[in-house]
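TrEMBL has this to say about the protein:
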- 112-126: compositional bias 'Basic and acidic residues' (COMPBIAS)
- 1-98: domain 'Cytochrome b5 heme-binding' (DOMAIN)
- 104-126: region 'Disordered' (REGION)
Amino acid sequence: FTEEELAHYGGEEEDQPIYMAVKGVVFDVTSGKEFYGRGAPYNALAGKDSTRGVAKMSLDPADLTHDTTGLTAEELKALDDVFTKVYKAKYPIVGYTARRILNEDGSPNLDFKPEDQPHFDIKDEL
């Protein structure tokens, strides 16, 4: 998913699934519509890669990004815990963000393998 594609799944339309990404993994959080749907408390996280916001437990628009630069060890541990115990445990994986599978120049990362990524286990993801 590109950022533009993911934005179409922000919970604004009733008949559309709700997606959000954490650590480059796109989850279908539609079953948590009361949390992620339009007007819901965590709707700001939907339709984007909200990795930093999840790590910081923040809904600040500046934190709703994939960028983890400058996060503390405690925040990174919280991110890993929530990623594993909430998102991977509760919601189906529907894909990956383009940033995770493309090189900086936009060309495909031919070496990308989910099992090679830090903190990921292919058996748990698929």
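Cβ atoms are placed via backbone N, Cα and C, with glycine included.
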Three-state composition of the domain 'Cytochrome b5 heme-binding' (1-98), taking helix and strand from DSSP: 43 helix, 13 strand, 42 coil
Mean of the pLDDT scores, which run from 0 to 100, over the domain 'Cytochrome b5 heme-binding' (1-98): 94
